[in-house]
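A.B. asks: Here Swiss-Prot flags 41-112, 44-157, 65-100 as disulfide bond. According to Swiss-Prot, the N-linked glycosylation site annotation covers 70. Feature annotation from Swiss-Prot assigns signal peptide to 1-27; the stated evidence is sequence analysis.
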């Protein structure tokens with residue numbers, strides 16, 4: 001009878017120590033984030049992806065985090081897109097007290113290199129880099145696609161908009 005109690009105690013101790021190791025590993029992951037996004041050429045100058053958009057290989061983006069209180073830059077990191085127009089970067093540390101956003105830096109296509117300066121578009125690239133935000137997937141953050149624009153919209157844009165059932169406030 002005593003040997004069964006010792007065996008049960010030993011098995012319980014092994015199981016509990018295994019769970020403690022998993023909890024520690026998960027706690028370490030809370031301050032490590034994988035950021036994923038993409039960069040495209042906005043051939044219609046509408047700031048959303050259409051069937052005419054082209055994803056850009058070799059585009060540079062920058063992650064910048066600033067203090068909420070004084071605006072001091074606390075983190076800067078750059079990434080370059082692959083052949084599918086996608087980029088990935090890993091960030092460590094909890095940035096709950098900071099405003100973090102991804103911005104376009106450089107386009108590989110000189111014919112598609114305009115960046116909108118509209119304030120509402122900068123909000124589209126903001127990202128939460130804290131585990132204390134209610135997001136279930138605490139490790140991966142997916143950013144809205146960012147787009148460089150051409151100087152003059154493509155002549156095919158009105159047809160693409162008609163297919164979508166929209167008529168944007170754009171002069172062609």
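Backbone N, Cα and C atoms are what each Cβ position is placed from, and that goes for glycine too.
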A.B. asks: Would you mind reading off the Cα separation of residue 157 (disulfide bond) from residue 65 (disulfide bond), to the nearest angstrom?
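C.D. replies: Here the two Cα atoms lie 36 Å apart.
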A.B. asks: Looking at the recorded positions 65, 70, which sits with the largest number of other Cβ atoms within 10 Å of its Cβ?
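C.D. replies: Max Cβ neighbours within 10 Å, all protein chains included: 65.
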A.B. asks: Measuring Cα to Cα, how many angstrom lie between residue 112 (disulfide bond) and residue 100 (disulfide bond)?
C.D. replies: 25
A.B. asks: According to DSSP, collapsed to three classes, what secondary structure does residue 112 (disulfide bond) have?
C.D. replies: strand
A.B. asks: Counting Cβ atoms within 10 Å of each candidate's own Cβ, which of the disulfide-bonded residues 41, 157 comes out highest?
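C.D. replies: Result of the Cβ crowding comparison: 41.
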A.B. asks: Out of 65, 70, 100, the recorded positions in the record, which is closest to residue 44 (disulfide bond) when you go by Cα distance?
C.D. replies: 100
A.B. asks: Name, in the order they occur in the sequence, the residues of the same chain whose CB lies under 8 A from the CB of residue 100 (disulfide bond) and which sit 6 or more residues away.
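C.D. replies: The answer is 63, 64, 65, 66, 75, 126, 127, 128, 129.
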A.B. asks: Among the disulfide-bonded residues listed here (44, 112), identify the one with the smallest other-Cβ count within 10 Å.
C.D. replies: 112
A.B. asks: Translate the DSSP assignment of residue 44 (disulfide bond) into the three-state scheme.
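C.D. replies: Residue 44 (disulfide bond) sits in coil per DSSP, no helix or strand.
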A.B. asks: Between residue 41 (disulfide bond) and the residue listed as 'N-linked glycosylation site', what C-alpha distance do you get in Å?
C.D. replies: 34
